[in-house]
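Enquirer: Once you've had a glance at the structure underneath, I'll fire off some questions.
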Amino acid sequence: MAKSTIFAIFMIVFVLGMVTKETKGQEMCRDLLMRAKNCDDSTCATLCKQKWKGNGSCFPNVYRKSCLCTFPCKT
């Protein structure tokens, strides 16, 4: 009984440590796509997903809408 309790506590601490290691320090990177033409929401999202497995959205820039892609940085 005592061995199984100690083992269970050890496994919980181990799993929590692994989860913390995975999420700690993960930064998000950004890149602008479709600079030469006006942004289309569906095209922007598709390009970002294909290129970086990220999320893309259009935002108003000075003269036109630009595509901003946000994705997890590679370490």
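The backbone N, Cα and C atoms fix where each Cβ goes, glycine too.
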Enquirer: The disulfide recorded in Swiss-Prot for C44 goes to which of C29, C67?
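Expert: Its disulfide partner, as Swiss-Prot records it, is C67.
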Enquirer: Return the residues near C48 (disulfide bond) by Cβ distance under 8 Å, restricted to its own chain and a separation of at least 6 in sequence.
Expert: L33, G54, N55, G56, C67, C69, T70, F71
Enquirer: Measuring C-alpha to C-alpha, could you say which of the disulfide-bonded residues C29, C58, C73 are within 10 Å of C44 (disulfide bond)?
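Expert: The disulfide-bonded residues passing the 10 Å Cα test are C58.
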Enquirer: Which one of these disulfide-bonded residues, C29, C44, C58, C69, has the sparsest Cβ neighbourhood, judged by other Cβ atoms within 10 angstroms?
Expert: C29
Enquirer: For C73 (disulfide bond), what is the secondary structure by DSSP, using just helix, strand and coil?
Expert: coil
